[in-house]
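Undergrad: Let me begin by handing over the structure; questions about it come next.
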Amino acid sequence: RCRVLGQVSCELVPPRPNRPTEGILFFNVELSPMAAPGFEPGRQSELLVELNSLIERCLRNSECIDTESLCVVAGEKVWQIRLDLHVLNHDGNMIDAASIAGIVALCHFRRPDVSVQGEEVTVYAPEERDPVPLSIHHMPICVSFAFFQQGTYLLVDPSEREERVMDGFLVIAMNKHREICTIQSSGGIMLVKEQVLRCSKITAVKVTEITEVIQKALENDQKVRKEGGKFGFAESIPNQKITSFKMESAAVDTNNVEEQAEEIITKADPPSEVFAKPILHTPGTAQIGEGIEDSWGDLEESEREEAVEEEGESEVTAFECQKMETEDTSTMKETKEDEPIVLSDSEEEEVIILEPQELPKKTRTQANSKQENTSKKACNKKRRKKRAA
């Protein structure tokens with residue numbers, strides 16, 4: 001079950017400058033590791049931000065609380081109502097549980113009575129005057145819907161596992177007068193008009209049922225308070241309603257257990273034959289036990305495909321290598337027999353002619369370099385003669 005604890009507190013504060021005659025509403029939602037191991041304390045996750053915004057739109061923007069009744073002195077002092085929602089256990093559909101806990105806590109809350117005489121403001125204790133309830137116009141309640149297989153299947157009140165696999169999510173906040181307070185759709189799914197109308201009709205039915213349950217619970221609590229009985233948290237502790245589930249002890253009959261076990265064994269089918277010796281299929285593999293065929297030595301389909309692809313690639317590479325060798329040999333045959341084979345990395349280095357029967361000769365590059373040197377020397381001599389003349 002998803003469990004949310006709502007707590008309301010109040011204090012006198014100066015109002016906002018743009019709204020001097022209206023009280024202040026503040027909402028806070030906390031997700032602790034107590035609710036689920038994935039929640040980290042002090043860190044705002046996407047779920048927490050979405051939950052806070054939905055609660056504010058559902059309770060504040062719907063104007064379910066009369067904020068002008070929270071004004072004590074216009075422009076000086078107003079009541080600030082703070083609603084804290086603590087998630088105790090997260091088992092899916094946390095938005096609906098938080099909205100119900102929030103509106104019930106606000107309906108159940110009583111603020112201290114106040115009197116104003118001139119500039120003096122006196123706040124009375126509960127023993128002096130009865131506390132005053134908040135003026136609430138209506139009770140907006142959220143109802144969540146989960147969509148599966150692109151909207152073909154619709155589910156109300158999804159659990160935590162169902163939220164993990166859902167395709168889309170729709171939240172509708174409505175009161176018992178069938179007035180939509182807020183609506184939000186999330187997830188990668190497009191909804192049709194007929195689907196939204198169907199969800200709104202379901203929401204109207206669910207909201208009326210939940211509102212009746214809330215009103216009955218508030219009336220019973222008020223009666224118990226007037227009679228002087230246990231109420232609130234003191235009532236829930238002995239019944240273990242909040243801390244844990246109450247389970248009645250089940251009686252277990254242990255008589256004639258051995259006879260019943262023997263009857264079950266005799267009625268059961270006899271065990272299958274067992275082979276004591278191992279069956280050797282291929283060298284390196286064996287099956288010990290019931291003699292079932294072993295597939296360890298066989299390759300799977302994916303491995304077979306990979307092996308076939310590798311063989312094909314090796315054949316292609318070998319064929320290309322043979323082609324390259326034949327081309328090299330053909331080019332070598334086309335070259336003339338008298339031309340020497342030259343091995344060189346650059347044009348400036350000395351080149352050695354590889355001929356086994358003849359002595360090494362100088363290359364053309366050396367001859368070209370000698371001709372350039374002789375031409376340079378001749379030019380230099382001519383310049384010197386002109387200078388001397």
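Backbone N, Cα and C atoms are what each Cβ position is placed from, and that goes for glycine too.
Bear in mind that TrEMBL entries carry predicted annotations, made automatically and left uncurated.
Owing to the predicted nature of the structure, the values given are computational and were not obtained by experimental measurement.
So TrEMBL lists these for the protein:
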- 4-112: domain 'Exoribonuclease phosphorolytic' (DOMAIN)
- 138-202: domain 'Exoribonuclease phosphorolytic' (DOMAIN)
- 298-389: region 'Disordered' (REGION)
- 298-314: compositional bias 'Acidic residues' (COMPBIAS)
- 322-339: compositional bias 'Basic and acidic residues' (COMPBIAS)
- 378-389: compositional bias 'Basic residues' (COMPBIAS)
Undergrad: Across the whole of the domain 'Exoribonuclease phosphorolytic' (4-112), what does the mean pLDDT come to? Round it, please.
TA: 88
Undergrad: If you run through the domain 'Exoribonuclease phosphorolytic' (138-202) with DSSP, how many residues end up as helix, strand and coil?
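TA: Grouping H, G, I as helix and E, B as strand yields 16 helix, 27 strand, 22 coil.
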Undergrad: Helix, strand, coil: count each for the residues of the domain 'Exoribonuclease phosphorolytic' (4-112), based on DSSP.
TA: 34 helix, 39 strand, 36 coil
